[in-house]
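S.K.: One structure coming up, written as structure tokens, with questions to follow.
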Amino acid sequence: MEKSTMSAILLVLYIFVLHLQYSEVHSLATTSDHDFSYLSFAYDATDLELEGSYDYVIVGGGTSGCPLAATLSEKYKVLVLERGSLPTAYPNVLTADGFVYNLQQEDDGKTPVERFVSEDGIDNVRGRVLGGTSIINAGVYARANTSIYSASGVDWDMDLVNQTYEWVEDTIVYKPNSQSWQSVTKTAFLEAGVHPNHGFSLDHEEGTRITGSTFDNKGTRHAADELLNKGNSNNLRVGVHASVEKIIFSNAPGLTATGVIYRDSNGTPHQAFVRSKGEVIVSAGTIGTPQLLLLSGVGPESYLSSLNIPVVLSHPYVGQFLHDNPRNFINILPPNPIEPTIVTVLGISNDFYQCSFSSLPFTTPPFGFFPSASYPLPNSTFAHFASKVAGPLSYGSLTLKSSSNVRVSPNVKFNYYSNLTDLSHCVSGMKKIGELLSTDALKPYKVEDLPGVEGFNILGIPLPKDQTDDAAFETFCRESVASYWHYHGGCLVGKVLDGDFRVTGINALRVVDGSTFPYTPASHPQGFYLMLGRYVGIKILQERSASDLKILDSLKSAASLVL
């Protein structure tokens, strides 16, 4: 056989094997209605017992809390306490169109999107619904940057990490259909040098790719709440409208979390205790988790004492090292209407991550979408090009606005661009956006045939015309900054937690959510946090199994001595 023929056969076999591997790793969900089977074990907190006991009490039914609960329920009794409502109360969260709609709805204290303004003066939001932020976000799904694992302070089992991603993906992650504006965006990224072209991939790699979505191809949202369906319904109970006010501690043997106090929507107090070998696991998110620890007396001693909060354990870094990835952007108003699209195409570089989507016009500003309420609104269809600074290195802190009421959101400050490396990365990212705007792919969307970044009808602050003027770009970055809604930190591994996510100095208390790391794990982090809940759940099951085997071996040894 000729060498050329043999080479061709080997190439075909290689591609075939790669396809099989790819298909096996990325076994994704199929389009379906949002699965509410879990409603059979979900209750309003008013219907829960005033005092109950469980193996595990999970505070927060969000992006990490739901997969964590489902996993632990495979063997143990689990109670999930979620302060928000069921998604069925707000059907608009279940559609792609609902992303903007829910940001537009006034916050009445019950809506799934809770509004807050950081002390930086930037509008922001957090989830207040079962499923957490995974049910109000833009639906972008990606696996984490693999480089974060070695720097995390956690001894990861990478085979288990990958298996856990698949567990999530085969239920709520979809390969998106082709969308016209996303195709234009992909062409522009490649023309602007964001290489290589990865095609469709869930992996975080430098270059341009189509990534996964938690919106299926009918526009139905899928989210963390559906992962509850993978649990053991006989062992799992979910309480909504349950505001956890404090963690209960005992001192024998050693400082130990023994349960929580929570109130239902009528203001009635309830207590949920954990059984022997059980745990309280806080998954209330970057804002809610450090807030609850502080209210429970776990935090900086002098600070807690100044608020007359009894100090249970001095933990100086609770509420510290709070980060938020800045979002800077450009909006263009094309001369002709464009169809609305969700984000499915990503441009990944070392220092910044970028994407674009197209939208219909609106007359009510979506809260947090633009830097402030005074930002101009689009009167026609528009395209939004966003750049996210990786990391970031800048950080702030969280403090209590109320020393007794968990329903009062705390003060947060992120100190955007206080670290000049972040500012430099923003400048580089926005220059890349300038290169995108200068591509042939985007010429049809100009209103005038002008060179470079000129010729577009820009909504809001325009990019500097001179791509070499770093000072002008720095000013642009500071003046146009908004939140990417990817805030994180406040209860870091290595500062507050050990490598198994246990709060150091306290038995039977863990934290599993976005408060645990000082950097964003990917361009869009929900994939990592969904994985994290399942991963830690499996690790806990393994710990319990190993402990039980050790006890059994001890009993066998004792019995053999007697005999």
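Yeah, the Cβs are placed from backbone N, Cα and C, and that goes for glycine too.
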S.K.: Out of ASN145, ASN266, which residue gets the N-linked glycosylation site annotation in Swiss-Prot?
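M.R.: Record lookup in Swiss-Prot returns N-linked glycosylation site for ASN145.
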S.K.: Check CYS426 (disulfide bond) against DSSP and tell me helix, strand or coil, would you?
M.R.: helix
S.K.: Including all protein chains shown, what's the count of other C-beta atoms within 10 A of the C-beta of HIS524 (active site, proton acceptor)?
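M.R.: There are 25 of them.
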S.K.: Using a 10 Å radius around each Cβ and counting other Cβ atoms from all shown chains, which of the recorded positions THR63, ASN137, ASN145, ASN162 yields the largest count?
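M.R.: Within the set of recorded positions, the most crowded position is THR63.
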S.K.: Name the residue among the recorded positions VAL244, CYS477 whose Cβ has the smallest number of other Cβ atoms within 10 Å.
M.R.: CYS477
S.K.: When DSSP is mapped onto helix/strand/coil, what comes out for HIS524 (active site, proton acceptor)?
M.R.: coil
S.K.: Is it possible to get the count of other C-beta atoms within 10 angstroms of the C-beta of TYR484 (substrate binding site)?
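M.R.: TYR484 (substrate binding site): 25 neighbouring Cβ atoms within 10 Å.
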S.K.: In whole Å, how far is CYS477 (disulfide bond) from GLU82 (FAD binding site) when you measure between their Cα atoms?
M.R.: 37
